[in-house]
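According to TrEMBL, the protein has these features:
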ACT_SITE  A:Glu326  active site, proton acceptor
ACT_SITE  A:His327  active site, proton acceptor
BINDING   A:Tyr129, A:Gln190, A:Asn213  NAD(+) binding site
BINDING   A:Ser236, A:Gln258, A:His261, A:His327, A:Asp362, A:Glu416, A:His421  substrate binding site
BINDING   A:Gln258, A:His261, A:Asp362, A:His421  Zn(2+) binding site
Protein chains: 2
Amino acid sequence: MRRLDASDPGFAAAFDALVNDRRESASDVSADVAAIVARVKAEGDPALADYTARFDRFDLDASGWSISKADCAAAYAALAPELRGALDLAAERIRAYHAAQRPEDRDYRDAAGARLGARWRAVDAAGVYVPGGRAAYPSSVLMNILPAKVAGVERIVMVTPTPDGTVNPVVMAAAHIGGVDEIWRVGGAQAIAALAYGTDRIAPVDVVTGPGNAWVAEAKRQLYGVVGIDMVAGPSEIVVVADAKNEPHVIAADLLSQAEHDPTSQSILFTDDGDFADAVAAAVAHVIPTLGTAPTMQASWAEYGAVIVVPNLADAIPLCDRLAPEHLQLAVDAAEADALFGQVRHAGSVFLGRQTPEAIGDYVAGPNHVLPTGRRARFSSGLSVTDFMKRTSFLALDADALAAIGPAAVALATAEGLPAHALSVQNRLKPNSP
Amino acid sequence: MRRLDASDPGFAAAFDALVNDRRESASDVSADVAAIVARVKAEGDPALADYTARFDRFDLDASGWSISKADCAAAYAALAPELRGALDLAAERIRAYHAAQRPEDRDYRDAAGARLGARWRAVDAAGVYVPGGRAAYPSSVLMNILPAKVAGVERIVMVTPTPDGTVNPVVMAAAHIGGVDEIWRVGGAQAIAALAYGTDRIAPVDVVTGPGNAWVAEAKRQLYGVVGIDMVAGPSEIVVVADAKNEPHVIAADLLSQAEHDPTSQSILFTDDGDFADAVAAAVAHVIPTLGTAPTMQASWAEYGAVIVVPNLADAIPLCDRLAPEHLQLAVDAAEADALFGQVRHAGSVFLGRQTPEAIGDYVAGPNHVLPTGRRARFSSGLSVTDFMKRTSFLALDADALAAIGPAAVALATAEGLPAHALSVQNRLKPNSP
């Protein structure tokens, strides 16, 4: 863990180093992924079966390619009531938040008499990647599927590896709640390639979203353009801005809630009180060994954790903006949280006040938990309904509207050396000429 | 040019072949681009100067790195009045259409007492690539810069190669109208790398848009994630659906207005009248030699042009959807155009009725002419104001709202094996515990 003080002479350089930390895997899997993608494109299902046997030790032909909707419904019915209720509440709140994201069509006539507009439609089919093993999170299933469902996508396909045949019943229950249409027991780069190009069994989709390991992320990057994808995601991160009126152990747990995701996750505290900073650091050290995710938290906190003392909390905001964090928690009184938030330029999602731990946003708040990482909140946004839709602009002119704006198009086309463009307009400006 | 008839027995296979035409350059420049990007990242300005000397035969240090805003203003003032007026009209209409795209913030309280919302902000800086030479289109300058300006981007940077020192005064005039803040005389993959990573002279930007050759497109793809980018664009394309009430030479010019862009552009006619199909094909052959872009049109039309006869025009729409064309022109009576448009699922931009040639949309209609190509309208949209903005979601709970939804978060975190997530919520559910 780094402890920085904004009043130290070396602070600017130390903070620069923090901002430029490269936490993402440097392992170059691009050649491996390119080979897998090319083989799935060429061979289809037999390639999927071969990779799945090799990587997941699972025989698709012998044991089944897919998980049925009935099995998912049964997994949902078999959940403990408290957990089922929690998933239902999460789904209801995620649906409600995302429903309001549906964009409105436009269709209007302007002063020149031109009819103009934009029309939104869902994509035909969406594919959602769900990791197997440790990172199989039912909450992520809901966060990826429900925006597609709200968008109106008619075919939602889930792909997930089932190593050694293992399936996660809570993930299946979440798929049931989300209304997945197909679940295929394939993972890795080969699953992304199958979604993009299609195989005999798996029809292609238009958009692929969902978290995955380095192979999955690289496959999405390579297939970007063949299909639409969500932003390539890196390790999770949180910045907490807190004053000394918080209890140190409360803020410590907030920091650790990101640290437990992955050894490359990052948790950073900004505070205006050096003693509080030290108390939080002590609380972190105290809490880590009490929880089952201690090794991951310890690795993340030791390598990437930071506690930063600033003269005033307002001084933290420009520094936060340089980090453009995925999650920003403003653990101060409500009015001050609002004031600080007003100054924030770059953050994926912001949690205001002392009673709003970031973990609420991972599950039941409603906004999407798929958020830009690695400073990408400077230019990108969390997953939304519009990621599963596309906009078609349209134009209709009558003869008068064309007469009003057509000559300018002819002038510009001529200036650009595009005579057929000019002619296609001119032909209509003189409708009686041959 | 292919002539297909939907009633022929071999039609399905022939149309499949048309849909799967690979018109994009297969040349693999990825290794070259990776080397250029790495060198610009490592060396900065000297690498830019070296590549510019080599590729553009232009000495940046001796002749100047940038074009001044005063030079752009002078270029604007020196334009012929008709052309200046045309650019002004285009800019005014593009601004007006895009202003209505600005998304609204949300801030509301739900039934559980949670305050929720989303806030949009412009990115800090945008970079726009403008090709040199043949493809230097002032209309593209407006189409890329004005959405960024409408979004509220404070710093807009243009990069453009000036081979042998050549600058295009109409491009400079468009930069003046758009309100560009900086223009750097660099192009190619090296310019994209400079925008993404920054150099001593050129501060980095957050989003890079604009058309370019294969090197530029590959550099954008490689740097996606370091910066935001617009969709990778392929060759232009148009589908025209027309009945026999159109004059053949009018529709011929519409088809040729795409064919003249590039030898790999594609123009396709659907009609319900075989004689009209033949008349349009004859008109195309007649018009081509009369225009200065004849060689390009001839190559495009011969290799990729198609005329397709369908029993009824409504039969064309599902076929169009498989092509998901960049431009779709419905050259029929207004009511029928509306009815056909109602059936369209996938198209970048649609032009309704007999008086709406696609070329109007390239210049002065208002909607953006940067549109998805190569069947990408299935999942992506034209350039918009939101490509230069990002959304921050937010949440604020009080103790009651946390009590209402917090236990579900604890249940889900526990089910996912994330105890620190659960603890960060539990600590607040029992505010008096240590």
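Placement of Cβ uses the backbone N, Cα and C atoms for every residue, glycine included.
Structural mapping of features recorded in TrEMBL.
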| residue | record | CB count, 10 Å |
| --- | --- | --- |
| A:Tyr129 | NAD(+) binding site | 28 |
| A:Asn213 | NAD(+) binding site | 17 |
| A:Ser236 | substrate binding site | 26 |
| A:Gln258 | substrate binding site | 33 |
| A:His261 | substrate binding site | 25 |
| A:Glu326 | active site, proton acceptor | 29 |
| A:His327 | active site, proton acceptor | 26 |
| A:Asp362 | substrate binding site | 28 |
| A:Glu416 | substrate binding site | 22 |
| A:His421 | substrate binding site | 30 |
All-chain count of other Cβ atoms within 10 Å of A:Gln190 (NAD(+) binding site): 29
Recorded positions, contacting chain B; criterion Cβ under 8 Å; candidates A:Asn213, A:His327, A:His421: A:His421
Nearest of the binding-site residues (A:Tyr129, A:Gln190, A:Ser236, A:Glu416, A:His421) to A:Glu326 (active site, proton acceptor), judged by Cα-Cα distance: A:Ser236
Entries of A:Tyr129, A:Asn213, A:Ser236, A:His261, A:Glu416 which, being binding-site residues, have CA atoms within 10 angstroms of A:His327 (active site, proton acceptor): A:Ser236
Residues close to NAD(+) site centre defined by A:Tyr129, A:Gln190, A:Asn213, Cβ within 8 Å: A:Pro131, A:Val159, A:Pro161, A:Gly187, A:Gly188, A:Ala189, A:Ala191, A:Ile192, A:Gly212, A:Trp215, A:Val216, A:Ala219
